[in-house]
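Just below is one structure, and these are the notes that go with it.
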């Protein structure tokens, strides 16, 4: 069956934003105007089409990126809803991989918030072209031009308004389209903003519109020499020329076109859809995705064409109560049909494709075939996890793996009834398959099950899902911080492991140099053995011994990180040497060496942003200092003080309750992991004591 929508009319977009910038409402309206949902759902009432997990309905925040398909002016738009809460950055990162473009939603009052910065950095990392939608223009304190300034200053992006607002707050009537130079005015009486009229620009805004049109044209002609000459020669540019220049500059990530509106009041959504089609790229207009041939290690580029061999990336696994495991996949090239076989190149296993589903946020449509450039769900894959590549076995390819951050917080969980132990283990295993930033381990000493993740909320939601989806009630322990250890001085250490007790002995002898590395560098092992003083086959054993010892720590049992080991000398015995002996020698040399190298404990430091009314500022800052925090900057935003600080994670437990009581419920905060830093010695002593206790 030939494809219905040609490739150049497909858009794969994400809608990314800070919590409460109105992202779900915006998505909801897009689905409404494109005719998928007939009744608009409001997040406040918990009925939005995209937010379909129960907890999301309660908390009003979007947790899982559901992929939804809709149509606008004959174009197929696949929307990946990305979570805005900072504990779910992993989901945002994952959806960035598979997008071709994004709509960044900003709140007209709040502007650029810390999570917007995190999401923006991720979009830069994957080179995702984006357009900005300034939402909530009807709110008190809405200021489009302030948001433009913040995008330039805080996100260092070249924000170019292609619309300016007509009025603001209660008087927000519509927008001026700077490309057509027309006013678009919504009729408040019409059903849910479905009608708007093109009118002449109001006299009092004419001058401002002309000034912003000049700025817009100057920003975009820079990317096109022929247009630049025409423009500076004083000739008028046509609407088509301006549009194609905006598109070119957007795809090259040289500009971020800015639009505005209020999704809640249904104003500005249709022009946003037009902008998605006009300015964001089709799958064949972005750089080809690259992969590696698993056999030769050579790089291969994937041409987004139906005639090429099939290749796709599994970017999300979800368990559905009716059909079982859904594997959301971005199809990069070729076609895939239900009932066929594909190769999971990451695992090197064949998989049978069961059914293929196109998702409309909560309804699903079964299809026989998916084409290149599309996004959809596969039912029936057994071994595929997030980040795996599916491909044609005739052309195996591994598309780049995504890198997932290590968890910073963990808590012990146990089922309320012993009978649920196995049920809990199976459920946690399933959740870990869905979410690579969530880990499950067993504490060897206590036998407890430990779950680790990206923040308190992340783990709360996991425990919540155990209860709702898997019917396992759990008790949780006190949250534990993921401390690390490292050392500050370079040392050399010798260790000879020799055992002689009748029969065959054990002999391994090594000299290692331990060198501290800068934060984030990780572990490196360098083999400097000359002349075979340690035979080749024993060298990996030394490396393994050191890595295992590093995992167990030296001071308080936390993993030792960021160091380099040079193995530079040693000796062996023809009969008595073995891998085991060298592994033990490596491990003991490491432990003894680190003790002399000035070892320290590192703790995760969070970047915290707090917004409070001015009268509470003194208390809040005093409290940050008590928590060993450092205030980094303060600014005024519409009479609210915005405090940026770095605070150790261990001091932030239960902060939301404390902040509420300090500010009578008027303060809000958000935090994101930033870096690791050395713990002051008095606190390090306490941590060591507690661990040895």
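Cβ coordinates come from backbone N, Cα and C, glycine included.
Among the features that Swiss-Prot reports, GTP binding site is placed at 17-24, 81-85, 135-138, with the record citing sequence analysis. Here Swiss-Prot flags 8-284 as domain 'tr-type G'.
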Neighbourhood of residue 137 (GTP binding site) by C-beta distance under 8 A, where only residues 6 or more apart in the same chain count:
108, 144, 165, 168, 169, 172, 260, 261, 262, 267, 268
Counting every protein chain present, what is the number of Cβ atoms, excluding its own, within 10 Å of the Cβ of residue 17 (GTP binding site)?
30
Reduce the DSSP letter at residue 137 (GTP binding site) to three states and note it down.
coil
